[in-house]
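For reference, Swiss-Prot has these:
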type	residues	note
REPEAT	31-71	repeat 'ANK 1'
REPEAT	72-105	repeat 'ANK 2'
REPEAT	110-143	repeat 'ANK 3'
REPEAT	147-181	repeat 'ANK 4'
REPEAT	185-218	repeat 'ANK 5'
REPEAT	222-255	repeat 'ANK 6'
REPEAT	259-297	repeat 'ANK 7'
REPEAT	300-339	repeat 'ANK 8'
REPEAT	340-374	repeat 'ANK 9'
REPEAT	378-413	repeat 'ANK 10'
REPEAT	414-447	repeat 'ANK 11'
Amino acid sequence: MTQYISKYSPIDFGEYGYDKSFPYCYNGTCKNFSKLMWLVINEKSNPRIDGHKKIVKHLKKNKRKINAQNEHGWTALMIASILSNDWSSIKTVKLLLKKGADPNIENYNYSQTVLKLAASNVKYASNIKTIKLLIHYGADINHKNLLGVSVLHYCYIDYYTKSDNLEVIKLLLSYGMDINSVTNQGNTLLYIVSKVSQNNNSTETVKFLLENNADPNIPNNKGTTALMVASKYSNSTSNLATVKLLLDYEANINFMNKYNETALSKVVSNFYESNYNKNNFMTLKFLIQKGAIDIPIGIDKLSILMVAVIRTYCSENSDNFTKLIELLLKHFNPNIQCSNGKTVLHYLCNKQVCNFPYVDVINLLLKAGINPNIKDNQGKTALILACDNYCFLKNKEAVRLLCKVSTINTIDNTGQSALDYFLNKYKEKYTNILTIILKYGAYCVNKNNINKIKILKCFDYLNKNNKINKIHEKICDQIKLKAIKHQIRPTSLRMKIISLNWYSRSYQTDKIISWNNLDAIDYLGAIDIDDLRYKISDCTKYID
């Protein structure tokens, strides 16, 4: 049995007072405790004092208040039962029942009875002996609270309890409880356990319920079955083993809820709601292998590929999304149209997500044989939708690819082309996109846009000419800068001629005729020393 560690230390309970707040379980406190309730939570507070004897002594004079309720509607029996393995004891529970404590009183927290409270905590502060004792003294095993939850459901009503209550379930079923009883929401115990089988390590409980005639095909009020919820959460609170068990016991793999959702669509819909792990793909592959089909979903009759595209909103999961599409394309037709006439490519091009792997996914769809020229009910192709979507237009390569494979001048029901829609949303930063669209031969139908395109072409020309002029100016500036640096070098021709002029004026002929100055003399083309002096003097006149 799991060792329960108390949240409260008994020394913190303090002296009794009706208006004081005291804990009545591991996660609840309130006022209006009776003295009996206070004695129950303090039964083991002092190891040198027998707390049970104090309770016995108190009941001799105060038996008529045994069923008193505190601020939250809890009785002394509820407190003792839920804590019979911790602050209180099984013998105190038995004493209270013998003295007339009513096991069927409801508290103010969802009308819970003592049996439900003890059953939901049997692996913690309560125990199985307490359950048996309560039933023996007349606790109603078929009681349901305001939510229609019975004690059987309460074994798993806490979805995050990290323990398995199979022992309690077996006990309750041995008393004749209906294994297929439902809550007000229509949830069976199998549905509840299937949803949390990973959290509670309770795949064995799923197997036990199925072996004992739990029906896996009972839908709840939304039409969702145990297989749907297990498949949806197979990457988090449930697991693939539960999905396999349900299918082994003839769960309908293609059962549809009221929204036409199936187990397959539930997995895909939840693909990005939970942290990704390999169970996403394993569950998908398994369901497809077992015969899951692409059933039109919802009012729009969406295909499974459309659901995958629509539900994806996290750009950081783009790699996983590409893998998902690749898997689905191996088994399902990309050219299926929804009730609006759209294909999965329409939904992709209309997706309002930037930094999305549009190019990779379009390539996958094209490889799978999608027709990019299919029109929806409004006569729009995927390219027309893309030209009306800023997020898509930010991806230049995606636009280029779509223009390449599409009939670029298709006209929709309003008489507009892809270029018309692009110009309706045109911004200067999309000039490069305009160039791509025009390159593939796009033209306008709308007369206003025809004039607009002419103006834009002029602006484009001026823009390019302006860029060329700026580049020319930069080149000229660089030439001037480099020329100055070159001219003032000691070894430059300019500096040598200046030096020769100085030597000539000072009649240092021996320094004029030297190996270092031969290139300068050769440049001047002098035929003798007098001609050289003349040409040096003449040349230096023009050096600034």
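Using the three backbone atoms N, Cα and C, a Cβ is placed for every residue, glycine included.
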Spatial neighbours of the repeat 'ANK 6' (222-255) far in sequence, C-beta under 8 Å, 6+ residues away: 159, 186, 188, 190-191, 194-199, 203, 206-207, 210, 216, 261-264, 266-267, 269-270, 274-277, 279-280, 282-283, 286-287, 290-293, 295
For the repeat 'ANK 8' (300-339), the number of residues DSSP places in helix, strand and coil: 23 helix, 1 strand, 16 coil
Sequence-remote partners of the repeat 'ANK 10' (378-413) [C-beta within less than 8 Å, at least six residues beyond its ends]: 341, 343, 345-346, 348-354, 356, 358-359, 362-363, 366, 372, 419, 421-422, 424-425, 430, 432-433, 436-437, 439-443, 445
Spatial neighbours of the repeat 'ANK 5' (185-218) far in sequence, C-beta under 8 Å, 6+ residues away: 147-148, 152-153, 155-157, 159-166, 169-170, 173, 179, 224-227, 229-230, 233, 236-239, 241-242, 245-246, 248-252, 255
Folded-back contacts onto the repeat 'ANK 11' (414-447), same chain, C-beta under 8 angstroms, at least six residues removed: 378-379, 381, 383-384, 386-388, 390, 393, 396, 399-400, 403-404, 406, 408, 453, 456, 460, 463
Model confidence over the repeat 'ANK 11' (414-447) (mean pLDDT, whole number): 80
